[in-house]
Amino acid sequence: TLAIDNERVETVELLLRKKCDVHKVNELGESLIHIASGGKCGAVVELLLKYGADVNARIPEGQMKDSTPLHRAVSNSNLGIISILLEHNADVNCQEFEGVTPLHVAVYRRSLEAVRILLKHGASPDLTVWESGHSPLFLAVFTNSYEIANLLLEHVKDIDAVDCVGKTVLYFSTSSLRISLTESILRFNPSPEIEANKKAFTMAVKGWLKMQRDLVERFERLSYLDRFVDKDDEELFTNSIRKGYCKIASLCLEGGVDGNKQLSVGGSWSRPLHMAVKAGQTNMVKLLIEKNVDLNSLDSSGKAPIRFAVDGDKPEITDLLLAGGARVEDDVNLIRRAISNGCLNVVQHFLHLGKNLGDVPVEDGTLLHVVAGGVSKILVAKDDPDDDAEMIVFNDDADRAVIAELIMKLNIDVNMQDRLGFTALNVACRSKYLAVAKLLLNHNASIHIPANDLATPLHSAALGGQSEICKLLLEKGAIISSINSCLETPLHCAAKNGDLAVLEILIQNNAEVNASNEHGRTPLHILVTGDHMKSVKFLVQNGADLERRDSTGKAPLHIAAKSGYGRTVKTLLSLNADINVECSKGFTPLHYAEYAFVAEKQKCDSELHDFDDWYSEWTPEEFVMLLKNEVIKRELLNLYVNQKNMELLSWDSDEKSTRNSCAVELEMLQRELIPNTCLSFHDILLESDEALFDKLKKENLSSFTSYDFRMSLLFDRHLKGKMNIVKRVAASQRRENYLDVLCSYFSWLPRACVENIVKYISDDEILKSLHSP
């Protein structure tokens with residue numbers, strides 16, 4: 001045994017000559033030929049066979065699975081030894097105690113060459129494992145071994161063989177979504193009379209996955225649909241309608257399925273054409289129209305197919321139904337829907353029939369309100385509470401404008417208000433329809449009529465983030481400072497949306513950036529409740545007050561900390577928002593972050609119970625650490641940190657790590673001098689503004705302010721802030737020097753007069769003048 005394990009051919013031969021027992025077995029029931037067949041040395045196997053080893057020796061049942069030498073060689077994928085055993089008449093179809101043949105083992109091991117050798121020597125692909133009834137072909141399908149399966153298919157006798165539970169290889173390949181394998185199996189003509197094969201096809205038709213659609217296409221491509229489609233199966237017909245399998249639906253209709261019958265779908269009832277329209281299956285709709293189904297039949301909710309085409313914004317299907325003879329004149333709600341959804345083709349068809357849009361009833365407002373996107377939503381919600389289609393938002397602005405123009409011919413008052421006080425223009429601005437808004441303005445719609453809540457069209461456009469409509473209204477003279485019933489200006493409404501383009505247009509038109517609403521909140525307070533970094537920077541750069549308090553004493557940083565948007569908080573801190581600011585209840589921004597997202601909610605003060613759900617891109621722990629890190633940095637820089645923030649530091653491992661990192665970087669900055677000065681970056685951070693400037697006056701100030709600093713990682717913002725202060729002081733000093741020069745040059749002018757002149761000269765121009773000869 002040792003000689004065989006170590007592949008010592010000479011030693012094995014010597015021992016065999018010495019009459020060593022070639023049939024001896026070990027405690028596991030393995031003979032020497034079993035052990036050698038599991039190795040890699042074919043010469044040893046040939047020697048054993050030469051000296052009389054049994055090529056078909058079997059291990060006793062229950063000991064080991066590789067019961068014959070051939071099983072053992074195949075299990076180890078040793079092609080040379082497999083060939084040797086077969087040449088010595090090994091039983092290629094020998095089944096071990098569970099019925100497993102060497103071919104089963106080769107397929108399981110995915111050894112294509114071993115399968116080839118065994119088949120060449122007569123291995124049967126039809127023998128099955130006794131308990132499961134699985135042949136090697138079943139195993140090839142289970143393991144998705146495409147090449148092996150194709151090889152076995154060439155030799156298998158019964159493609160429709162079933163296992164112990166009545167399943168076929170086609171069933172398993174289809175249910176496992178083995179598309180290529182299924183196509184290969186279909187080429188060998190599986191019988192549709194076998195129940196498992198029929199179920200395989202039905203499963204593919206019922207499924208919604210793309211791979212299941214691919215399977216159905218394989219059946220169709222290989223012309224198997226005629227054989228596999230159960231032509232009176234209504235469930236199959238229903239699934240083919242909803243998924244757009246036109247060939248299957250056509251076969252079912254030819255087989256006698258009623259194309260107008262109410263069919264069960266998910267617990268409700270619907271007709272085939274209704275289902276096709278709802279699913280947006282244009283080709284299926286064409287097929288059903290060609291099969292002369294009733295285009296005006298009603299489903300269980302009393303609606304015709306065209307109603308769903310209009311609701312679902314399906315213009316191509318709508319055209320098909322209209323061309324086929326769908327009636328629109330019988331359903332007033334349908335015409336109102338068509339107007340509301342901008343379905344121009346339906347409205348034109350209605351007019352072509354000689355009907356008058358003036359006959360369409362509107363309970364509130366006018367038809368202009370309907371086309372602008374307002375009233376019909378309310379009416380339909382009352383009439384049809386279960387209609388999901390109402391939630392769809394349509395973007396057919398151009399078609400809406402054409403319909404609005406048709407409605408204008410009815411001499412409707414463009415400034416009439418609905419029950420909420422909205423004019424059609426206000427509704428169009430709210431619904432984001434620019435073309436309709438332009439048309440209404442061209443027909444003298446008023447831009448100043450407020451709704452019941454005092455919201456003007458400009459408020460609605462700003463709230464909807466519609467920069468083009470805002471620009472158009474302002475050009476027409478809209479009042480930038482108008483307020484609604486909540487004392488909100490259009491800028492407040494724009495802040496709710498956060499659209500930068502709208503904010504820019506309003507600011508360019510002199511919107512008051514620090515106007516307060518009824519709760520004392522400015523647009524910046526509202527803006528920081530979302531993830532709008534660029535918009536926050538823009539408002540602050542244009543004068544938004546970072547320290548303005550609302551009626552509860554909250555600054556924008558409080559609101560941002562409460563809302564949970566980490567990038568917004570980081571932006572506010574970079575703009576020097578005060579982390580020590582306290583609201584009326586004495587809470588800092590860190591309190592809001594700490595209590596809202598780390599501490600248990602029942603321990604929070606009642607002032608903090610109104611938190612929204614967590615929507616931040618940061619984890620709660622990361623968000624809290626963002627604010628804590630700022631406190632730690634300020635403490636290390638000897639900047640003021642109030643006692644309440646310090647008490648919130650727990651000095652856990654994260655906080656200690658931050659403190660250590662900051663201390664290391666400060667030490668590094670202390671060693672690094674600013675070029676052309678005797679100051680370090682550390683001095684810049686720790687000196688007060690006045691002391692820093694006094695020191696810099698003794699240094700090369702111009703070199704310092706023009707230096708492109710390699711900012712530190714942790715104190716980047718603080719360095720930049722100091723630099724900006726120094727630059728402002730330097731600019732102020734230059735302006736003072738420039739004023740002195742001008743006063744001496746124009747000595748006959750009063751100094752106050754020269755000061756007024758200098759106010760109109762930019763810092764850059766002063767810098768150039770001082771450096772010019």
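Cβ atoms here come from the backbone N, Cα and C positions, even for glycine.
Over in TrEMBL, the protein carries these features:
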type: REPEAT; residues: 28-60; note: repeat 'ANK'
type: REPEAT; residues: 65-97; note: repeat 'ANK'
type: REPEAT; residues: 98-126; note: repeat 'ANK'
type: REPEAT; residues: 132-164; note: repeat 'ANK'
type: REPEAT; residues: 268-300; note: repeat 'ANK'
type: REPEAT; residues: 420-452; note: repeat 'ANK'
type: REPEAT; residues: 453-485; note: repeat 'ANK'
type: REPEAT; residues: 489-518; note: repeat 'ANK'
type: REPEAT; residues: 519-551; note: repeat 'ANK'
type: REPEAT; residues: 552-584; note: repeat 'ANK'
Per-residue pLDDT averaged over the repeat 'ANK' (132-164), given as an integer: 93
DSSP residue counts for the repeat 'ANK' (65-97), split into helix, strand and coil: 16 helix, 0 strand, 17 coil
For the repeat 'ANK' (28-60), residues assigned helix / strand / coil by DSSP: 15 helix, 1 strand, 17 coil
Long-range environment of the repeat 'ANK' (132-164) - Cβ separation under 8 angstroms, sequence gap at least 6: 101, 103-104, 106-108, 110, 112, 115-116, 119, 125-126, 170, 172-173, 176, 178, 180-181, 184-185, 187-191, 194, 196-197
Folded-back contacts onto the repeat 'ANK' (420-452), same chain, C-beta under 8 angstroms, at least six residues removed: 365-366, 368-369, 371-374, 397-398, 400-401, 404-405, 408, 414, 458, 460-461, 463-464, 466, 468-469, 472-473, 476-479, 482, 484
